[in-house]
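Peer 1: One structure coming up, written as structure tokens, with questions to follow.
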Amino acid sequence: MRQERRLYSLLGLLLLLAVVYLTWFPTTHDGGGGGGGGWVKLPVPWLQPRMPFAARRGTHFVDADTGSPLYVNGWNSYWLLPARSPALAAEMLRRGRRMGLSVCRTWAFSDGGPGALQISPGRFSEAVFQVLDYVIYEARRNHIRLILCLVNNLDNLGGKAQYVQWAQAAGANMTNSTDSFYSHPTIKRYYKDYVKAILTRRNSYSRIRYSDEPAIFAWELMNEPRCVSNSSGPYLQAWIAEMAAYVKSLDTNHLVTVGTEGFYGPGIAERLGVNPGEWAASLCSDFIQNSAVEHIDFASVHAYPDSWLPRASLEEKVRYLSNWVDSHLNDSEQILKKPVLFTEVGYLQHSDANSNSTVDRDIILRIVYDKIYDSARKLQAGSGALIWQLMVEGTHMYGDNFSVVARDRPSTYSLITNQSCRLQRLYGEGDPGWQCSIPP
């Protein structure tokens, strides 16, 4: 009888908890932008899986708790926030987990315009902020870490052009050039205010501050920073140093990277021949100089051989890509002495009937994967690659000519998953709930 009373008491307690959750954390409906339905808001940090921070030791990443090496197989889905669909974001993160992927790079910004996160300088949409909360919360539930980018060089979703427009509207004296983003005090203050709002945000689901959230792998200062005028290069370099130091002043838990494409500047003249063309040296980007900044923890590189070399044969693109990757691996290991991530690796999906895009993409991806795996075996600087970009059904409006629904491309799906397997077998790190099903 006493055992039955205890059982009834336990059942009553569980029922009470259920009523409290349904009362205080009701289903919240999708904010629009791509379907999705609703989701239940459960701010219970003790339900989150334990996850250590990612850290850096010399030229490679480590588990901050154990010191074990971390090598990344990841992907880009920039649209997780702008889609404003928790259901689609959750599905993408689940699919990433099924492939053994460990890091997703996505945008943590949406500046101005309809449905923006930052409506105007320092003014935010709480509803959109809660979408970002959910993305981070759901990433941790799936043992995925996020690289969160803080602003765009491009005009997409606002970018630095929106900051310039805001400053001009406020009466700031400046030219129309978006290069003002890197040097004008008003714009730099806007950016710092935004960074502070993001880093000090307390997640409405987990109640964990972003700066204390281990599911965040790193902060990226800008997506593909470039200048209009080559004379603005020193301003970009100073901006990187200032903003990296500012991020670190607010958050010592997380890694910081610039977000560069990896183009070489005039600092080391013999490297200019590694660029895809003379045009690349005129964009102010200088891979070595930008990445050498004290508070930058790792270098970033992009790889788009098809769009960078549109007239080249596949054989020429393969040869170029191999040299591009090798050069950045060697410079990161020997000069920078920092890890390097190939944070975007993409190949155009041609629509013509004679195109062999999937096969060509797999060839390009395999080159990068093999070089990363070889680096991982040697505990060297090549620390991972992230395909651009993965989608799920219902996100076509956020796609581009590089987008892939992986399960619709069996060869690509297998290639991505096999890379996850290879890296897991080396050091056994990553999602403890994911086991490779591909025989060695």
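Quick reminder: no glycine exception, Cβ is built from N, Cα and C everywhere.
Pulled these features from Swiss-Prot for this protein:
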- GLU224: active site, proton donor (ACT_SITE)
- GLU344: active site, nucleophile (ACT_SITE)
- TRP107, ASN223, TYR304, TRP388: substrate binding site (BINDING)
- ASN173: N-linked glycosylation site (CARBOHYD)
- ASN176: N-linked glycosylation site (CARBOHYD)
- ASN230: N-linked glycosylation site (CARBOHYD)
- ASN330: N-linked glycosylation site (CARBOHYD)
- ASN356: N-linked glycosylation site (CARBOHYD)
- ASN401: N-linked glycosylation site (CARBOHYD)
- ASN418: N-linked glycosylation site (CARBOHYD)
- 1-22: signal peptide (SIGNAL)
Peer 1: Closest of the recorded positions to the residue listed as 'active site, proton donor', Cα to Cα, picking from ASN176, ASN230, TYR304, GLU344, ASN356?
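Peer 2: Closest candidate to the residue listed as 'active site, proton donor', judged by Cα separation, is GLU344.
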Peer 1: Test of understanding: give the count of other CB atoms lying within 10 angstroms of the CB of the residue listed as 'active site, proton donor'.
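Peer 2: Around the residue listed as 'active site, proton donor', other Cβ atoms within 10 Å: 20.
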Peer 1: For the C-alpha pair, I'd like the distance in angstrom between ASN401 (N-linked glycosylation site) and TRP107 (substrate binding site), rounded off.
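Peer 2: One finds 19 Å between the Cα atoms of these residues.
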Peer 1: Would you mind pulling the longest C-alpha to C-alpha span across TRP107, ASN223, TYR304, TRP388, which the record has binding substrate, in angstrom?
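Peer 2: 20 Å is the greatest Cα spacing among the residues binding substrate.
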Peer 1: C-alpha of TYR304 (substrate binding site) to C-alpha of ASN173 (N-linked glycosylation site): distance in Å?
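Peer 2: Distance between the two Cα atoms comes out at 38 Å.
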Peer 1: Validating a neighbour-count step here. Other CB atoms within 10 A of the CB of ASN223 (substrate binding site): how many?
Peer 2: 25
Peer 1: Measuring Cα to Cα, how many Å separate ASN223 (substrate binding site) from ASN230 (N-linked glycosylation site)?
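Peer 2: Between the alpha carbons of ASN223 (substrate binding site) and ASN230 (N-linked glycosylation site) there are 18 Å.
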Peer 1: When the Cα-Cα distance from TRP388 (substrate binding site) is computed for each of the recorded positions ASN176, ASN230, GLU344, ASN418, which gives the smallest value?
Peer 2: GLU344
Peer 1: Whole-number answer please: how many Å between the C-alpha atoms of ASN176 (N-linked glycosylation site) and GLU344 (active site, nucleophile)?
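Peer 2: Distance (Cα to Cα, whole Å): 30 Å.
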Peer 1: By a 10 A CB contact count over all chains shown, which of the glycosylation sites listed here is most packed: ASN330, ASN418?
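Peer 2: Top count of Cβ atoms within 10 Å goes to ASN418.
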Peer 1: Find the shortest Cα-Cα separation between ASN418 (N-linked glycosylation site) and the recorded positions TRP107, ASN173, ASN330, GLU344, ASN356, and name the residue that gives it.
Peer 2: GLU344
Peer 1: Please report the number of other Cβ atoms within 10 Å of the Cβ of ASN356 (N-linked glycosylation site).
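Peer 2: 11, counting other Cβ atoms within 10 Å of ASN356 (N-linked glycosylation site).
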